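Peer 1: Below you'll find the structure I mean.
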Amino acid sequence: MSDTTNATLSVVRLKCSTQIYDWGKQGSESLVARLAPAAVGPEFELDENTSYAEIWMGTHPNGPSSLYDSTYLDLKSLLATNPTHYLGNHVIDKFNDPTPEIPFLFKILSIRKALPLQAHPDKRLAEKLNKKDAENFVDSNHKPEIALALSPFKGFVGFRPIDEIRQFVKYVPELHDLIDKDPGKSMKEVISTILQTPEEGLKGTIESLVARCKEHPNDEVAGVVVKLNEQYPGDVGILIAPFFMNLVTLEKGEAIYIGADEAHAYLEGDIVECMAISDNVVNSAFCPASDRDPETFSAMLTYTSRAAKDFALPHESYPGSRSRRTIAYNPPLEEFTVLRTTLSQEGDDDILLPAKGPSIGIVVQGSAVVSTCDAEPLQLDTGAVVFVAANQGIKIKATAENTEMYWSTVIE
């Protein structure tokens, strides 16, 4: 494709951004690194000592996608040439004020160790944070998200049922001694107090807890405490995440939905992640002190106690799939739906009916040809990323066995 904005395109291959964070898997162990030669392009050079954490697909300014065969044109600039064609009136009317952009941010994550204990703000708080500190909160949008497992995954999500928390406080001496001094405190007061206590003041408590947990190697929670202390020695999050939060385990194809203002910290695994377009995050633990804001974090949380199963996002049959080879993950949001297309044999295909908004897809396994009725077929190998304009039917045909593509799109 030539470097031009004159032609109206329906299918465009993208060149995407990678993010390097300490928690990412290193070198060729990272799925992000293995997908990057096609997702980023031939300029990608693997370094076995680098932590490749994320691939970003979309128009967010912290990691914008560009056109794969263009020397200068980014995706957002392409959208601006014909917003109605690329985004559709539905997206323009609902989300695009003041500038045209994709309403979601699509990612691949490859996780080696715990991410920061964090939460993402709702719209009201995001606007306040952006106005107060635009350098660290570059947008004013909310950031509810889903995590869809590509491999076995573990993570902390939301607060446990209150009876489970009470049992830990009762039978874990370090928690009992820390909290039972004032049993009338609310969950918010307890979390806030622990997070804002200097770590030096908790050093003995954490050391005692870790020592006792090492005596119970077959206990899941004890094992997590020991692992977290190996990753982040003496971190205050060790007193919170294992005992107050749900430990969620996902197998490939399972997903969870995390709303705004919900505490979470992913632990390990490879996932597809999708969220409303935002990079706003408030951290409280498992990261450098300079990246933490425990006061805002403890003030913003919902503190809703519920079981891990309540965060599950089951997949559904996708009515827009002609061959029934694509399933849908529908969070309670307007910004996106995530689709998974599975083509077992070379030559298998599926046709996705036109969506109201744009679609971005990535091949995570195998290879496929993607086309629309008015665009030339585009060959996509493992890691390749494609943008499809709104209101376009999409044909996907496998050119290898066991091909898998994941899509984010705006359906309604």
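Each Cβ is built from the backbone N, Cα and C atoms, and glycine gets one as well.
Quantities reported herein were computed from a predicted structural model and do not represent experimental measurements.
What TrEMBL records for this protein is below:
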BINDING   Gln118, His120, Glu145, His264  Zn(2+) binding site
DOMAIN    12-161  domain 'Phosphomannose isomerase type I catalytic'
DOMAIN    184-244  domain 'Phosphomannose isomerase type I helical insertion'
DOMAIN    329-370  domain 'Phosphomannose isomerase type I C-terminal'
Peer 1: Which residues, given as numbers and ranges, are at least 6 beyond the ends of the domain 'Phosphomannose isomerase type I C-terminal' (329-370) yet have a Cβ under 8 Å from it?
Peer 2: 11, 14, 31, 35, 38-39, 55, 57-58, 65, 86-88, 90-91, 94-95, 102-104, 106, 108, 144, 146, 148, 150, 253, 255, 257, 272, 274, 276-277, 313, 315-316, 318-323, 377-412
Peer 1: Quick one: which residues besides Gln118, His120, Glu145, His264 have a Cβ within 8 Å of the Zn(2+) site's Cβ centroid, in sequence order?
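Peer 2: Everything else in range on the chain: Ala119, Lys143, Ile258, Glu262, Ala263, Val281.
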Peer 1: Tell me which residues of the chain lie with their Cβ under 8 angstroms from that of Glu145 (Zn(2+) binding site), as long as they are six or more apart in sequence?
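Peer 2: Once residues fewer than 6 apart are set aside, Glu145 (Zn(2+) binding site) is near His120, Tyr257, Ile258, Glu273, Cys274, Met275, Ala276.
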Peer 1: Tell me the residue counts in helix, strand and coil for the domain 'Phosphomannose isomerase type I helical insertion' (184-244), as DSSP assigns them.
Peer 2: 44 helix, 0 strand, 17 coil
Peer 1: Taking the Cβ of His120 (Zn(2+) binding site) as the centre, how many other Cβ atoms fall within a 10 Å radius?
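Peer 2: I count 25 other Cβ atoms within 10 Å of it.
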Peer 1: Using Cβ atoms only, which residues of the same chain lie under 8 Å from Gln118 (Zn(2+) binding site) while being at least 6 residues apart in sequence?
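Peer 2: In sequence order, the residues whose Cβ lies under 8 Å from that of Gln118 (Zn(2+) binding site) (at least 6 apart) are Ala263, His264, Ala265, Val281, Val282, Asn283, Ser284, Phe297.
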Peer 1: Specify the count of other C-beta atoms within 10 Å of the C-beta of His264 (Zn(2+) binding site).
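Peer 2: Summing over all protein chains shown, His264 (Zn(2+) binding site) has 23 other Cβ atoms within 10 Å.
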